[in-house]
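Structure first, then comments.
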Amino acid sequence: MARKGLLLILSSPSGAGKSTLTRMLMAWDATMRFSVSATTRAPRPGEADGREYFFRSRAEFETMVRDGQMLEHAEVFGNFYGTPRGPVEANMKDGCDTVFDIDWQGGQQIRNSALGRDVVSIFVLPPSIAELDRRLRTRAQDSDEVIAGRMAKSRDEISHWAEYDYVLVNRDLDATFEQLKTILQSERMRRDRQPGLSDFVRTLNKEFEAR
Ligand SMILES: Nc1ncnc2c1ncn2[C@@H]1O[C@H](COP(=O)(O)OP(=O)(O)OP(=O)(O)O)[C@@H](O)[C@H]1O
Ligand SMILES: Nc1nc2c(ncn2[C@@H]2O[C@H](COP(=O)(O)O)[C@@H](O)[C@H]2O)c(=O)[nH]1
């Protein structure tokens, strides 16, 4: 049986560090594929179309939804975000794992979809609300108004933590990344144990028979 790709979903309140952790994971594991979302929000300085996001107009986004091209989509902080279905299905077919940086609404939709059995979901919490605010400010990518809006929504996002398989408190970045790698390695072992071990146990049984 061909190996199935895992769907590793990372969610958190804005600024807790999931994009940073996702980038670290992509740099660490060359086989991991990043699900590039489509969004109607404007690009930040340094963001490129097709790399961080597919930047689309509202009309283009609505067409993608209407044509069934989205695996999930949601309104987040006044903009639309969605996961294009095609690349995720291609990754699964190739037996490659995919990492998603999406909010709780998207996490819920993918978990409840036909692909839900292959989901491993991780919620990232900030060490404190003051630190969350500090991280959004020091990232220096959003206006004060946008930051205030994101902080106001963070309580609601955090209220979904218990829906996730794993919860990480991102205090020290390197320590959190170690935990993330441990989760991935364990989940890969669980997925791979059947095909590999069946052959090995058959060999052990032959040894029993030869005694
Ligand atoms: N453990 C940490 N300690 C200190 N700073 C951190 C830590 N983790 C991430 N950061 C910093 O916090 C800021 C926000 O991180 P990041 O952009 O990854 O958050 P996010 O959860 O992806 O936010 P969004 O949902 O808005 O995309 C960045 O400047 C990042 O470098
Ligand atoms: N439901 C989805 N949420 C998504 C997707 N892509 C990103 N996001 C989430 O939106 C917020 C804001 O992101 P930002 O890049 O503007 O800071 C954050 O929580 C992302 O995780 C998606 O495809 N679907």
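Placement of Cβ uses the backbone N, Cα and C atoms for every residue, glycine included.
S19 (ATP binding site) carries a helical DSSP state (H, G or I). Marked as ATP binding site by TrEMBL: S12, P13, S14, G15, A16, G17, K18, S19.
Annotation comment: TrEMBL describes 5-185 as domain 'Guanylate kinase-like'.
Apart from S12, P13, S14, G15, A16, G17, K18, S19, the residues listed for ATP, the same chain places the Cβ atoms of V124, P126, L132, R135, N170 within 8 Å of the centroid of those Cβ atoms. A count of other CB atoms within 10 A of each Cβ picks out S12 as the most crowded of the binding-site residues S12, S14, S19. In the structure as shown, the Cβ atom of P13 (ATP binding site) sits within 10 Å of 27 other Cβ atoms.
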